[in-house]
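Asks: Structure below; questions to follow.
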Amino acid sequence: MNSIQMLVGLANPGPEYANTRHNAGAWFIEQLAARYNCTLKHDPKYHGLTGKVIIQDQEFKLLIPTTYMNLSGKAVGSLANFFKIPVESILVAHDELDLEPGVAKLKKGGGHGGHNGLKDIIAKMANQKDFMRLRIGVGHPGHREMVTGWVLGKAAKADQEKMDAAIDEAVRCMEILAKDGVLKAQNRLHSFKP
């Protein structure tokens, strides 16, 4: 029923970026790892923090690239190639400007929408775009020129609480994804209200 084998959370490395909106994807992987008692370990071979969890008797590889965001494909490609994981069996969690805080959506395929992490993954995966995305809403600052400062900035407390709630729900939905597939997980996640 489920074909996902690898879960990736995009981020920039280092303490100065840890709590910035751009690291929302990594927050998802950290929460998932904590829920399933997995300790993420740095693995230079895969250019990231790696681990594995068993959900509903299925193994999922976890990855948070420790490259900068615009080099995320290096880490994703390394792990996927080593374990022979096809692109459509990868789920990438990332911050999404076009969704409000408190909203998270699962989507298959698509473009990069200007997201440098997605852009690099697509480039390193021979232009294949069919991986799943977990889009975690961080809201939009209103003007294009303000986007960089926005994603590299920290959210207000109320927005952070909404994002945390959406991520928590997304983590719970991985159980549904493993048991009943993407569509059921999508239905549950897309009806969530923080």
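Cβ coordinates come from backbone N, Cα and C, glycine included.
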Asks: Quick check: of Asn37, Asn116, Asn127, which does Swiss-Prot put in the same tRNA site as Tyr17, Tyr68, Asn70?
Replies: Asn116
Asks: If you count CB neighbours within 10 Å, which one among the recorded positions Asn12, Asn70, Asn116 has the smallest count?
Replies: Asn70
Asks: In whole Å, note down how far the CA of Asn12 (site 'Discriminates between blocked and unblocked aminoacyl-tRNA') lies from the CA of Asn70 (tRNA binding site).
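Replies: Roughly 9 Å, rounded to the nearest whole number.
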Asks: Can you tell me the three-state DSSP label for Asn12 (site 'Discriminates between blocked and unblocked aminoacyl-tRNA')?
Replies: coil
Asks: Hey, how far is Asp95 (site 'Stabilizes the basic form of H active site to accept a proton') from His22 (active site, proton acceptor), Cα to Cα, in Å?
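Replies: Asp95 (site 'Stabilizes the basic form of H active site to accept a proton') and His22 (active site, proton acceptor) have their Cα atoms 6 Å apart.
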